[in-house]
Amino acid sequence: MPESQSPNSSTNAPVTGTTHVKRGMAEMLKGGVIMDVVTPEQARIAEDAGAVAVMALERVPADIRAQGGVSRMSDPDMIDGIMQAVSIPVMAKARIGHFVEAQILQSLGVDYVDESEVLTPADYANHVDKWAFTVPFVCGATNLGEALRRITEGAAMIRSKGEAGTGDVSNATTHMRGIRTEIRRLQSLPADELYVAAKELQAPYELVREIAETGKLPVVLFTAGGIATPADAAMMMQLGAEGVFVGSGIFKSGNPAERAAAIVKATTFHDDPEVLAKVSRGLGEAMVGINVDQIPQSDRLAERGR
């Protein structure tokens with residue numbers, strides 16, 4: 001796998017980050033909540049609530065879903081404004097396969113690029129070559145094979161997709177359970193059957209063997225999509241997530257500041273029902289949302305970029 005390269009003015013060689021550094025940045029976010037924000041004010045609310053990072057974007061997934069149209073990378077001025085407003089890491093989204101959007105985001109100095117299915121894909125056949133960048137990438141996955149393909153492309157962090165902008169956590173649970181189940185299956189296979197498993201997963205044998213031996217992905221695994229309550233966040237942590245992305249669920253709710261703080265606390269104390277009961281009180285109305293089963297398969301964001 002590519003290692004660090006120094007800038008070279010005579011050859012114009014690309015500057016890339018080491019695997020250790022990129023994955024290490026995600027390790028520092030483990031156990032935390034990353035929140036979607038569309039304004040500097042929202043970013044400050046997220047930081048005050050205890051978010052470990054924010055995701056800067058012009059429209060939260062619920063609005064993207066409701067308004068339709070083509071969704072693209074956010075305006076650099078908007079991203080700059082959020083970066084200046086907070087001291088925690090700032091992430092931003094690029095379209096699947098849009099390597100120039102990723103180049104722009106890297107030049108802005110964001111801490112992470114999310115090659116995101118929430119935006120309209122720029123390339124339905126190819127993802128960004130993430131090894132070519134200094135900035136680390138996070139990518140979504142609905143199953144283990146998808147996760148391994150993104151890691152092979154250079155992703156330094158994976159999030160189970162769920163179905164963004166719905167407030168319905170059912171797909172998040174399905175995807176997380178599925179990934180964990182597939183990992184346990186690899187652990188149970190004899191060594192000689194891992195070759196067939198690698199073919200089925202469309203992933204390199206060496207990576208499949210590593211997961212069979214360690215029982216986990218080589219990168220941090222967060223969860224996303226439909227998380228709207230403290231209980232949702234705690235459930236996903238108990239299912240094996242190492243952290244939580246929350247999008248529309250906070251700033252589409254009745255009391256964003258309190259809900260944000262409650263979800264952070266629920267993520268930290270996910271195995272303590274008494275704390276969960278306490279932080280779930282008096283939060284006001286959660287986002288109304290939409291049931292995933294009411295969305296046609298062809299319109300589901302999680303189906304993009306598989």
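Positions of Cβ are set from backbone N, Cα and C atoms, glycine also.
Residues or ranges marked as D-ribose 5-phosphate binding site in Swiss-Prot: Asp36, Gly165, Gly226, Gly247, Ser248. The active site, schiff-base intermediate with D-ribose 5-phosphate annotation in Swiss-Prot covers Lys93. Among the features that Swiss-Prot reports, D-glyceraldehyde 3-phosphate binding site is placed at Arg177.
Residue environment of Gly226 (D-ribose 5-phosphate binding site) contains 29 other Cβ atoms, counted within 10 Å of its Cβ in all protein chains.
Mapped onto three states, the DSSP output places Lys93 (active site, schiff-base intermediate with D-ribose 5-phosphate) in strand. Secondary structure from DSSP puts Gly247 (D-ribose 5-phosphate binding site) in coil. Ser248 (D-ribose 5-phosphate binding site) is 15 Å away from Lys93 (active site, schiff-base intermediate with D-ribose 5-phosphate) when you measure Cα to Cα. The Cβ neighbour count for Asp36 (D-ribose 5-phosphate binding site), using a 10 Å radius over every protein chain in view, is 28.
Of all Cβ atoms in the protein chains displayed, 30 besides its own lie within 10 Å of the Cβ of Gly247 (D-ribose 5-phosphate binding site). Its Cβ taken as reference, Arg177 (D-glyceraldehyde 3-phosphate binding site) is surrounded by 13 other Cβ atoms within 10 Å in the chains shown. Cβ neighbours within 10 Å of Ser248 (D-ribose 5-phosphate binding site), excluding its own Cβ and spanning all shown chains: 25. Lys93 (active site, schiff-base intermediate with D-ribose 5-phosphate) is surrounded by 28 other CB atoms, counting those within 10 A of its CB over all protein chains shown. DSSP classifies Gly226 (D-ribose 5-phosphate binding site) as coil under the three-state reduction.
For Ser248 (D-ribose 5-phosphate binding site) paired with the residue listed as 'D-glyceraldehyde 3-phosphate binding site', the C-alpha to C-alpha distance reads 23 Å.
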